[in-house]
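Encoded as structure tokens, the structure appears first; notes follow it.
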Amino acid sequence: MIDYVSGTLVDKTTDSALVDVNGLGYRVHVPTSTYKRLPDTDEEVTLHTYHYLREDDESLYGFATKAERTVFETMTGVSRVGPKLALSALSAMTPTELRDHVMEGDKSRLTQISGVGTKTADRLIVELRDRLADLDVLEDTSPLSGGSDARAEARADALEALTELGLSKADAERSIRQVLRDNAGIQSADELVRRALKADQE
């Protein structure tokens, strides 16, 4: 199994990326959310991958975060939901939004995904609700090259601190996202916790 690819970004389109890894070129299918975070060509990039292997299909799918990959893999485990539909879902909404819509049974939102009708939405709600309930889907929306490690570490530490202070994981994630939308440069977990607590009380 290919768990990730890390190398030089040679080419990118809205649904794929070509990554050179020591002279080997890997064509990786990506959702729109990952495409938007890809660096310029000739820069280094790392993608978390899922190797889809069937008798009539062998493809590599790449994601900016492990959460996206987990959601993709979980969705492809649903009856009659293939990688194309799972990729379409992650192109239409974030892992957090997808999880929330499934947990809330929001069929009107789910049917906005290309290829998802009412019956498929019902199936997604029934089969994904338990699987996604405890999924940590806090997103890192920073670019996929350079400078994101400190920010990602601060988010993870802040999430842990906020849940220890009594917030639910969903509320903590929501507060952190709200803070980072208004203060994208924060890289201190302490500052993030302080502002997130304030946001949660407003």
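Cβ atoms here come from the backbone N, Cα and C positions, even for glycine.
According to Swiss-Prot, the feature region 'Domain I' maps to 1-64, an assignment based on sequence analysis. As annotated by Swiss-Prot, region 'Domain II' applies to 65-143, with the evidence given as sequence analysis. The region 'Flexible linker' feature in Swiss-Prot is assigned to 144-149; the stated evidence is sequence analysis. As annotated by Swiss-Prot, region 'Domain III' applies to 150-202.
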Tally of DSSP helical, extended and coil residues in the region 'Domain III' (150-202): 42 helix, 0 strand, 11 coil
Integer mean pLDDT for the region 'Domain II' (65-143): 87
The region 'Domain II' (65-143), counted residue by residue under DSSP: helix, strand, coil: 49 helix, 0 strand, 30 coil
DSSP-derived helix, strand and coil totals, residue by residue, for the region 'Domain I' (1-64): 4 helix, 40 strand, 20 coil
